[in-house]
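J.: Dropping the structure in here first, questions after.
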Amino acid sequence: MQSVVCLIGAFIAAAVFRPGSCVGTVIGLYGETIVVPCNDGTKKPDGLIFTKWKYVKDDGSPGDLLVKQAQKDEATVSATDGYKSRVSIAANSSLLIARGSLADQRVFTCMVVSFTNLEEYSVEVKVHKKPSAPVIKNNAKELENGKLTQLGECVVENANPPADLIWKKNNQTLVDDGKTIIITSTITKDKITGLSSTSSRLQYTARKEDVESQFTCTAKHVMGPDQVSEPESFPIHYPTEKVSLQVVSQSPIREGEDVTLKCQADGNPPPTSFNFNIKGKKVTVTDKDVYTLTGVTRADSGIYKCSLLDNDVMESTQFVTVSFLDVSLTPTGKVLKNVGENLIVSLDKNASSEAKVTWTKDNRKLDKLPDFSKLTYSDAGLYVCDVSIEGIKRSLSFELTVEGIPKITSLTKHRSSDGKHKVLTCEAEGSPKPDVQWSVNGTNDEVSYNNGKATYKLTVVPSKNLTVSCLVTNKLGEDTKEISVFSQKNEDGTEQAKVIVGIVVGLLVAAALVGLIYWIYIKKTRQGSWKTGEKEAGTSEESKKLEENNHKPDV
């Protein structure tokens, strides 16, 4: 009896009160459960009798989905179409639609009936789906410089609403200008799911600079974020504008080496066959861009060219220089000369460039070659001449030997440091090295020989006065010289006599110096009296003495 009363109250409320007319919107995800709130999920009214969900069918007529009595736990599903197995009601009276699809994009109405009121809340459902990642397909194999070509097609699938596609080059958006860039977009819908696929075709006029450009396609959708395709690069075809010839062999090029010439063109794809002009002779090479000269000589120096097979005017030129160095030295090897003779050294050189010449003597660098017009013993040695240009060096040499008859230049004596011995020194010049013979026995202290100069020393203890001779010999001749050597006693007496003589000579020199000074003084004094005309004061005897002294001859 109570439920009947409630039902009658509901009908009265439905007749008295007008339902609300405001329509809200809810976004559902494709394939997910769509939640449609009733009155934005607010608290249920007091005296609730039941809640009913209904919808607008495709033909515009209303259709019932379910009713939930306030006193019952379960709702009664009244739908007979596809919603029968997909709809349910939540505890807050929200409508739950399982496995949402684009067919659910319609208006759903929640009717709330209580003892005091009847309200209807309409909600429009929209179903969104994020598109698949964008993919560039049907790519062009290559692009031609200056020619409008379809670069590729960008595709995204299964989206709602449809995605927008944007083409970019090096992250810069490409804009359709109707001439050099043309972008054509189309949208297709799946007949079953209703989902949209978007495709965009790009026609692009490439330039040479695009050889390293990267093209991408960006998909923009309300579900965000933006999705970007994998970057694509394309070979750019363009004709040759410049030919270049390179000498790839290591510089400098020397006689006997191989020289490789390489011809390159800036076209793409690059030409693979060329004409080489080898000093006026045309040589065609196919399927390669190099030509090799084997075992070059100085005669191969000259102008070389290369050009395209179909265009001889477009060519490149290189001058090839083969480096060479010819050197002749006179004399070479071992050279034997006598001291005082003349030696003429001549160096002849022929080179592809200015040659640098350096001389060394016995491994020591010389500023210049010595003057050999009058050879000395010090001129002997190994002379090496290095002549070089870049990459080439020649070394020639001669070993000069200067010979001469021995000649003694000095024979001296002095006491040893302890004063008990006499040291005789005999110095001589000659080559080969002279041998020495002394006329007395003694101790040979040292022998040195350098640059044709020999030094011999002999230590003796003479017991009497001696005459010592030094004899030097080599294969060319000999020389001898003598020196007197006194015993220690005689030498001491001689030294004392020398001291006495020195003292006497010193006294005589001092006396002469005093007399000279006195004479100069008297002479100056007399000249002073004549000049003044005055008579000197004094006796007549003093005047006579002065007069006599003036007439005496100087001693």
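Here the Cβ of each residue, glycine as well, is placed from N, Cα and C on the backbone.
If you look up Swiss-Prot, you'll see 1-22 marked as signal peptide, on the strength of sequence analysis. The topological domain 'Extracellular' annotation in Swiss-Prot covers 23-499 and rests on sequence analysis. For 23-127, the entry in Swiss-Prot reads domain 'Ig-like V-type 1'. Residues annotated as disulfide bond in Swiss-Prot: CYS38-CYS110, CYS154-CYS217, CYS263-CYS306, CYS426-CYS470. For ASN92, ASN171, ASN350, ASN441, ASN465, the entry in Swiss-Prot reads N-linked glycosylation site, with the evidence type sequence analysis. The annotation domain 'Ig-like C2-type 1' is assigned in Swiss-Prot to 239-323. Marked as transmembrane segment by Swiss-Prot on the basis of sequence analysis: 500-520. For 521-555, the entry in Swiss-Prot reads topological domain 'Cytoplasmic', with the evidence type sequence analysis. What Swiss-Prot records for 529-555 is region 'Disordered'.
Situate these features within the shown structure.
T.: Taken residue by residue, the domain 'Ig-like V-type 1' (23-127) breaks down under DSSP into 10 helix, 53 strand, 42 coil.
There are 25 other Cβ atoms within 10 Å of the Cβ belonging to CYS38 (disulfide bond).
Note on ASN92 (N-linked glycosylation site): other Cβ atoms within 10 Å of its Cβ, all shown chains, come to 14.
Sequence-distant neighbours of CYS217 (disulfide bond): residues of the same chain at least 6 apart with a C-beta under 8 Å from its C-beta are PRO134, VAL135, ILE136, CYS154, LEU165, ILE166, TRP167, LYS168, SER200, VAL228, SER229.
ASN171 (N-linked glycosylation site) carries neither a helix nor a strand DSSP state and counts as coil.
Secondary structure of the domain 'Ig-like C2-type 1' (239-323) per DSSP (helix as H, G, I; strand as E, B; remaining residues coil): 3 helix, 48 strand, 34 coil.
The DSSP secondary structure for ASN350 (N-linked glycosylation site) is strand.
Secondary structure from DSSP puts CYS426 (disulfide bond) in a beta strand. Within 10 Å of the C-beta atom of CYS426 (disulfide bond) sit 25 other C-beta atoms, taking all shown protein chains into account.
Taking a C-beta cut-off of under 8 Å and a sequence gap of six or more, ASN441 (N-linked glycosylation site) has these contacts in its own chain: VAL460. According to DSSP, ASN441 (N-linked glycosylation site) is assigned to coil rather than to any helix or strand.
Mean per-residue pLDDT, taken over the topological domain 'Cytoplasmic' (521-555), amounts to 48.
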J.: Please name which of the recorded positions listed here, CYS38, ASN92, CYS110, CYS470, is nearest in space to ASN171 (N-linked glycosylation site), Cα against Cα.
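T.: Spatially nearest to ASN171 (N-linked glycosylation site) by Cα position is CYS38.
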J.: Using C-alpha atoms, which one of the recorded positions CYS38, ASN92, CYS110, CYS263 comes nearest to ASN465 (N-linked glycosylation site)?
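T.: With Cα distances computed to ASN465 (N-linked glycosylation site), the winner among CYS38, ASN92, CYS110, CYS263 is CYS263.
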J.: If you skip the near sequence neighbours and keep only those at least six away, which residues in the chain come within under 8 angstroms of ASN350 (N-linked glycosylation site), Cβ to Cβ?
T.: PHE324, LEU325, ASP326
J.: Measuring Cα to Cα, how many Å separate CYS38 (disulfide bond) from ASN92 (N-linked glycosylation site)?
T.: 8
J.: By CA distance, which of the recorded positions (ASN92, CYS110, CYS426, CYS470) lies nearest to CYS306 (disulfide bond)?
T.: CYS426
